[in-house]
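**Q** The structure's right below; bear with me while I get my questions together.
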Amino acid sequence: MACLELSKEVKVKGKEEDCTNDGTVDFYGMPANKAKTGKWLAGIMLLLNQGLATLAFFGVGVNLVLFLTRVLQQNNAEAANNVSIWTGTVYIFSLLGAFLSDSYWGRFKSCAIFQVIYVTGLVLLSLTTQRYLLKPEGCGEREILCGEHSSTEISLFYVSVYMIALGYGGYQPNIATFGADQFDARDPREKQSKLAFFSYFYLALNLGSLFSNTVLDYFEDEGKWALGFWASAASAFAGLVLFLGGTAKYRHFRSSGNPIIRFSQVIVAASKKWSVETPDELYEGDDESDRKMLHTHGFRFLDRAALITSKEQDNEKNRNQWLLCPVSQVEEVKCILRLLPIWLCTIVYSVVFTQMASIFVEQGDAMKTSIGNFRIPAASMSTFDIMSVAVFIFLYRRVLDPIVKNIKKIKGEGQGITQLQRMGIGLVIAVMAMLSAAIVECYRLKYAKKECRHCEGSSSLSIFWQVPQYSLIGASEVFMYVGQLEFFNEQAPEGLKSFGSALCMTSISLGNYVSSLLVSVVMKISTTDNMSGWIPGNLNEGHLDRFYFLLAGLTILDLVAFIACAKWYKGIKHSGEMNQQVKEDDKCEV
């Protein structure tokens with residue numbers, strides 16, 4: 001109604017301006033004007049912001065495992081575990097960011113606040129490293145290790161990196177969803193742009209890390225850690241300024257209140273009516289919008305929350321929300337319950353993905369890393385992952401999906417390969433990546449000098465043999481993570497879109513924790529009096545190949561479970577979709 005009133009006011013002035021159809025508002029709370037807000041102008045600003053923020057994050061994260069071993073004197077297994085826990089914590093904080101965004105702050109305010117925390121953490125890390133951790137001067141490179149540090153200095157380091165985890169984690173799910181908000185899903189052209197945004201968002205994320213994985217990685221590998229961290233802080237600050245500069249151009253969805261309360265009301269209401277049989281007709285509530293969720297079969301015990309008793313029938317004005325919930329509210333709970341099995345199946349993939357920031361780097365560091373007088377930092381090999389992501393995003397959007405659409409004779413907005421199918425393909429490619437890494441490790445050990453741990457040429461096998469495993473991981477990300485972002489954003493209820501994006505981030509988080517646990521268990525089982533374990537400090541004395549084969553086997557089992565869950569899953573339906581289908585059927589009859 002507000003949009004109609006605004007249109008009338010504008011028409012009086014002699015101009016006709018259209019508002020968005022999805023209920024978004026501008027910064028001042030007025031219905032968003034299609035011509036003046038959102039679309040690709042706002043979208044590109046947010047993509048650039050994402051690129052700069054990611055550059056800063058990977059400027060810290062990509063070499064953190066080497067920082068812990070060279071500067072803080074941790075061994076390989078301990079450093080890999082600490083990096084996995086830290087990375088996992090980053091994405092656990094995404095749930096906090098999503099909750100505050102969906103419930104109270106809204107996405108714009110959440111992005112701004114968490115970016116301020118993020119920049120503060122980066123500045124603190126830079127100061128701590130420059131003033132306290134790099135002692136003696138010049139330490140932290142491959143050959144000169146740093147001395148011992150006081151507990152206060154170590155505490156300052158961990159406070160700063162976990163501030164970075166809080167800031168980046170809380171910001172990440174909201175910026176993805178906020179970017180998608182800039183496109184009206186009820187406008188056919190903007191809907192296509194909305195789907196494309198997630199691919200470009202993930203591309204921006206990877207391109208942002210490209211500078212970190214090349215230039216910053218090189219300086220940090222040479223012991224110039226403070227310079228690398230200050231560059232990261234500057235990048236994050238520039239991203240914050242850019243984000244705030246686009247304030248007037250953004251479209252906003254209003255927050256929907258605390259979802260925990262809404263979910264609790266459904267559980268309580270259904271429990272109190274446990275013994276009552278579920279009727280055919282349920283309480284629909286007062287929501288007449290096109291985005292109202294329609295009733296679905298399954299989890300029928302929850303339908304009791306929408307059952308109207310004779311007492312409630314007689315007392316329409318004073319109905320208790322803890323005893324009677326509308327169907328759309330019940331469907332929110334059903335929707336999340338249906339998403340959980342799919343989400344759980346993505347965790348094992350994240351275990352595979354997280355190896356790129358830890359075990360892959362340690363493996364590369366034990367290979368021949370020199371070309372003439374130039375040394376290639378092991379962490380910079382992730383550049384091939386980024387290049388693979390860019391190539392496969394283009395191939396998927398411009399080649400593969402159109403071909404499949406033509407084969408299936410799909411016209412209009414439909415996708416040739418569904419989101420769940422893409423996630424399954426991502427798992428298959430992840431298996432191939434682990435097998436590739438295992439084979440490379442077998443050959444690395446074959447040409448290794450077992451007595452040599454940190455010296456140059458500990459294995460004569462070139463680090464470029466890691467290119468296939470990094471490239472395969474990049475290809476799998478395009479199918480798994482982009483598919484996840486689209487899937488959870490599309491299938492999450494209207495008031496939980498940030499939560500949908502956070503599910504994707506949280507699977508990465510749990511993947512890191514599971515990876516840390518798996519490394520600990522493997523080391524405990526494989527370490528004996530005569531054996532140093534699969535992942536010892538000196539990889540030349542271990543069997544990292546067996547660890548990779550183990551991950552490949554676990555991913556195959558996960559793929560089987562995922563296929564079963566994907567077949568069981570049923571998507572959500574909105575009243576607007578049914579109304580549109582009725583209109584199309586009427587046109588066909590005419």
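Every residue gets a Cβ built from N, Cα and C, even glycine.
Below, the features straight out of TrEMBL:
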- 40-67: transmembrane segment (TRANSMEM)
- 79-100: transmembrane segment (TRANSMEM)
- 112-134: transmembrane segment (TRANSMEM)
- 195-219: transmembrane segment (TRANSMEM)
- 225-245: transmembrane segment (TRANSMEM)
- 339-361: transmembrane segment (TRANSMEM)
- 381-399: transmembrane segment (TRANSMEM)
- 420-440: transmembrane segment (TRANSMEM)
- 547-569: transmembrane segment (TRANSMEM)
**Q** Between the transmembrane segment (381-399) and the transmembrane segment (225-245), are there three or more C-beta pairs closer than 8 Å, counting only pairs 6 or more apart along the chain?
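**A** Result for the transmembrane segment (381-399) with the transmembrane segment (225-245) is no.
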**Q** Would you kindly list the residues that approach the transmembrane segment (339-361) from elsewhere in its chain, counting only those six or more residues past its ends and only Cβ-Cβ distances under 8 Å?
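**A** Those are 61-66, 79-80, 83-84, 87, 378-379, 381-382, 385, 420, 423, 426-427, 430, 433-434, 437, 466, 469-470, 473, 476-477, 480, 484, 487-488, 491-492, 500, 503-504, 506-512, 514-515, 518, 535, 544, 547, 551, 554-555, 557-558, 561-562, 565-566, 568-569, in sequence order.
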**Q** Taking contact to mean 3 or more CB pairs closer than 8 A (sequence separation of 6 or more), are the transmembrane segment (195-219) and the transmembrane segment (225-245) in contact?
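**A** Taking Cβ pairs at least 6 residues apart, the transmembrane segment (225-245) and the transmembrane segment (195-219) are in contact, with 3 or more under 8 Å.
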**Q** Count the Cβ pairs between the transmembrane segment (225-245) and the transmembrane segment (40-67) that lie under 8 angstroms and are 6 or more residues apart in sequence, then report whether there are at least 3.
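**A** The transmembrane segment (40-67) and the transmembrane segment (225-245): touching, yes.
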**Q** For the transmembrane segment (40-67), could you work out the same-chain residues 6 or more beyond its ends whose Cβ comes under 8 Å from its Cβ atoms?
**A** 79-80, 83, 86-87, 115, 118, 122, 125, 140, 161, 164, 168, 171, 175, 178-179, 182-183, 193, 197, 200-201, 204-209, 211-213, 216-217, 220-221, 225, 228-229, 231-233, 235-236, 238-240, 242-243, 245-246, 249-251, 357-358, 361-362, 365, 377-379, 382
**Q** By a Cβ-Cβ criterion of under 8 Å, what residues six or more beyond either terminus of the transmembrane segment (547-569) are in contact with it?
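**A** Distal contacts: 338, 341-342, 345, 348-349, 351-352, 355, 359, 420-421, 423-424, 427-428, 430-431, 434-435, 437-438, 441, 518-519, 522, 534-535.
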